[in-house]
Amino acid sequence: MMKMLLQTFISVGVCVLITVVGSLDICQDPADIGFLVDASGSVGSTEFEKAKIFVINCINKFDIASQAVKISAFSFNQNVSKEGGFLFNSYSTEQEISTGIRGIVYTGGGTNFDIPLTFARKQMFVPQSGARGYTKKILIFITDGDATTTDEPGQLLRDMDVAVYAIGVGTNVNTNNLDKIATSVNHRYVVLDFSLINDIKETLTSQACKEIEENAKDHPCKTNQNLCNFGICRITGTTSYRCDCDFGYTGNHCETDINECEGVNCLNQGTCVDYVGYFTCNCRQFFEGTYCETNMCEPSAADIVFVIDVSASMNYKLLNHIKDHTELTTKEWQIDTDHFQIALVTVAESANTVLGFSNIATKDDLRNGITNLNLKNEPSNVHFALYKAVELLTTKGRPNVKKRIILYSDGLPTNPSALLQALSHSHYYSNIEIYTVAIGIDVSHYFLSRISRDISNVFPYNTDALWHHIMQDLIKPECNACIESEQADVIIMVDLAGIQQDYLNSIVPTSLVKILSKISLGTNAVKLALVTFSDQASTRFSFDSYLENNRVDLQRSLSSYEGITDKSSNISEAIKLSEALLGDPAEGARSSAKKVVLVISEFKTSLNEQDLRYADVLRNSGINMHTIGIFTDGNAFDTMSGLASTSYHIVSCEGPETCYLSTSPVKDQEESCYYCIVHFCQTPKKDHSSISIPCEGPGYL
């Protein structure tokens, strides 16, 4: 019988894999095997130890288990003592049995064969000692000499159907006596000395295993090889059995594949896949872990100190702007022991800690701390604030996390030389990034750039460019990369009633051509559909209308529109139509593709409850909602915010080359149109306010 061994490996972040390693010649059918080892004076203690090692080597060839092979072993001289060995019900594992054999003590003394053979019949091969009625019974008798014996003890064992192997060791062996003991001449073995006894191990154990198999050949486990399907059939009685199922199967006959996905919750829209004996969670891009619990694009942990100038050059209006900007900067931050932690320092003539790292400060703590600040009619010694912030980060902050300082100031130090002296100790700030936010009646970009060590680290107070910069800095680069040829179904929705005719045929086509230039079209890439709407919505073309080979025709279809002036815009109708298109294979939609909706309008009509509800349904379905506003104002921004998936899905345009990506209606800094749709990016111009927005990750496009 071949025993198949299975090794189980744990794969980090996945689950359990089963690998068949191979097979070994192990006898695993049930049997009760007893050993009687001569410990008389003629053997000697050294040779007796060799005999015990031989016994241990023999049992290694059998599957030791309660439903497989059981072992009993005793030493003998002219007598047998129960303390000189162990019975079948004493030990249940190979390790325990080996230890038990090593513990059998050499006794010396005379030799008698009849007494140990009778002991085997009356004390070993009986139910009280753990012997089973349905198994093959084998006795292996090892001796070195000659002793008086009769025919009866051996015959009585044979009458019990015990197969007796007699092993004689040495030159004084009386083979006639061995023949009285052994079941047959084929069960008699003779070796010259105990150093050679292991030479017969393979032959002896192989012969015993064949007898064990022959005894079990008519059992249902043997006559029906598929009785236990995906498992091992264990003989438990003359005709009874038990199925020990392979990993991943269950049932009386191991007929049922266990659904390893039952009760498994793959997080973050992961999908559980059931395999035999294990499962995997197929994770969305940028998620990993056994249950897709780890967001690869989560920002790195960071300790950040906000430093606010409260000197004589500031006023409370500016302080309110600072409060608003800190809210904008921290809006997506998760503040806890594993992510962001914040502190607050003020500076005028001296620097003071308002919030430290001793306790985890919340966003509300930061807001309230700024709200309760008092301005001081004092000079601005920014260098003291830098020392204070660095001290907090290095002595009170967490080890092995990124460290940042955000300074709100006009960059007009009262003591410029002291500031420059502080900045000259570059090693002091070597692992700390400093950002400055320019705010004040008069602003010195020179000193702000010296403090932040790079003009690109100086930010305006009325945009969220700093938020973008920090998040991009703390997110893995691969999460920011634009990946070409990702499958995506993209619907462009154009508001015919909400855009002036001139813009419909200028800004709208130009913007769409720019987006189109960054997109690969095809069945394994991006498919486009166009929906136009006023009070009703209609499909101009569906997903299978244009592919890469007719891109020119597609550009023509996107280039002209007829405005509708006597109707109002009904965004709900367009959303319902788009949802239907994205889920309809007949229109070319793919279940495996990313879903994107891009809405272009002036957004002059406010959203009603129905509009908001429909937009929410789309977003909750995993559909990315983008908005491009044409000549928008603050009210339009509110409408765009109600539709877009996040504030970073909002683009505002005031002409073919003047678009803004912003989360507030204040748009001071011009940038070339930037779109990050379906991972396809157009980089903004490079200047001190330029931003590069991650295309993927938590809260991004």
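Each residue, glycine too, has its Cβ placed from N, Cα and C.
Just so it is clear, the model here is predicted, and its values are computed rather than measured.
The signal peptide annotation in TrEMBL covers 1-23.
Here TrEMBL flags 32-204 (among others) as domain 'VWFA'.
The feature domain 'EGF-like' is assigned by TrEMBL to 224-255 (among others). Here the domain 'EGF-like' (224-255) has a mean pLDDT of 90 out of 100.
According to DSSP, CYS245 (disulfide bond) is assigned to a strand segment. Residues or ranges marked as disulfide bond in TrEMBL: CYS245-CYS254 (among others).
Here the domain 'EGF-like' (257-293) is broken down by DSSP into helix, strand and coil counts: 0 helix, 13 strand, 24 coil. As annotated by TrEMBL, domain 'EGF-like' applies to 257-293 (among others).
CYS292 (disulfide bond): 22 other CB atoms within 10 A of its CB, across all protein chains. The disulfide bond annotation in TrEMBL covers CYS283-CYS292 (among others).
Look at TrEMBL and you will find 303-478 (among others) tagged as domain 'VWFA'.
Marked as domain 'VWFA' by TrEMBL: 489-670 (among others).
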Rounded inter-Cα distance in Å - CYS254 (disulfide bond), CYS292 (disulfide bond): 31
Stretch of maximal Cβ-Cβ contact with the domain 'VWFA' (32-204) [cut-off: under 8 Å; candidates 224-255, 257-293, 303-478, 489-670]: 224-255
Cα-Cα distance linking CYS283 (disulfide bond) and CYS245 (disulfide bond), given in Å to the nearest integer: 30
In the chain carrying CYS283 (disulfide bond), residues 6 or more apart in sequence that have Cβ under 8 angstroms from it: CYS266, ASN268, GLY270, GLY289, CYS292
Residues of the domain 'EGF-like' (224-255) by DSSP state, where helix covers H, G and I: 0 helix, 12 strand, 20 coil
